[in-house]
Ligand SMILES: Nc1ncnc2c1ncn2[C@@H]1O[C@H](COP(=O)(O)OS(=O)(=O)O)[C@@H](OP(=O)(O)O)[C@H]1O
């Protein structure tokens with residue numbers, strides 16, 4: 001996010017794929033050195049599963065033929081197409097590994113972290129604190145957001161009716177098996193521990209899912 005010469009204008013841009021792109025930090029810093037960055041921290045295990053479901057929903061032929069994320073996780077580097085998907089599912093959840101690169105180009109003061117679970121469960125509170133951090137005028141988010149039981153997510157409230165994000169956001173799919181969850185938790189154990197230490201060292205809020213993930217591995 002960036003404020004340009006007209007101080008009332010805030011430009012923002014979001015993508016789930018910038019964060020782990022090896023050139024993104026350098027390129028962003030070259031174009032918008034004073035940008036404010038917002039990073040949403042989701043449990044990497046859930047994030048990997050969500051990305052796999054994203055590929056299934058987009059009818060990715062390799063994901064479809066593999067049927068489960070478990071098959072993808074077992075892929076070796078000799079199975080290049082499957083292995084590439086494996087890396088895409090796992091890479092984004094390796095937060096500290098990528099953060100190190102962003103911190104070569106931006107200061108920590110330019111970065112705001114959001115706990116994905118908090119955003120999902122208490123969006124008005126999270127958005128209020130984000131807009132305060134961005135120095136934006138106060139806005140009563142709570143009167144513009146309401147939980148939609150049919151969608152299972154909070155949605156915008158317009159003229160008394162909820163207007164939710166499209167079908168591609170917050171898809172309905174079966175929960176991952178306990179076996180897959182444990183396998184992913186193990187894959188991310190070191191990354192989660194590094195994130196825990198990073199947040200604690202910098203006196204930043206530690207998400208509940210991270211406390212839990214680190215407690216289980218100890
Ligand atoms: N209010 C609300 N409505 C819908 N979705 C919500 C909401 N809050 C958080 N989420 C979570 O956001 C995930 C989709 O995020 P993205 O847009 O970055 O993903 S994507 O680019 O479509 O893959 C999406 O992931 P999936 O549940 O895996 O589809 C949601 O978990």
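Every residue gets a Cβ built from N, Cα and C, even glycine.
According to TrEMBL, the features are:
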BINDING   50, 169, 170, 171, 172, 173  3'-phosphoadenylyl sulfate binding site
DISULFID  155-164  disulfide bond
DOMAIN    29-189  domain 'Sulfotransferase'
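Sequence features annotated in TrEMBL and their locations in the structure.
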residue	record	Cβ contacts under 8 Å, 6 or more apart
50	3'-phosphoadenylyl sulfate binding site	42
155	disulfide bond	145, 146, 147, 148, 162, 163, 164, 165
169	3'-phosphoadenylyl sulfate binding site	153
170	3'-phosphoadenylyl sulfate binding site	151, 152, 153, 164
171	3'-phosphoadenylyl sulfate binding site	53, 54, 57
172	3'-phosphoadenylyl sulfate binding site	152
173	3'-phosphoadenylyl sulfate binding site	53, 56
As a check: which entries in 50, 171, 172, 173, the binding-site residues, place their Cβ less than 6 Å from an atom of ligand 1?
50, 171
Does DSSP give residue 169 (3'-phosphoadenylyl sulfate binding site) helix, strand or coil?
coil
Hey, what's the Cβ neighbour count for residue 164 (disulfide bond) at 10 Å?
16
Specify all same-chain residues, apart from the site residues 50, 169, 170, 171, 172, 173, whose Cβ lies within 8 angstroms of the center of the Cβ atoms of the 3'-phosphoadenylyl sulfate site, ordered by sequence.
53, 57, 168
Three-state secondary structure of residue 164 (disulfide bond) from DSSP?
coil
Mean of pLDDT values spanning the domain 'Sulfotransferase' (29-189):
96
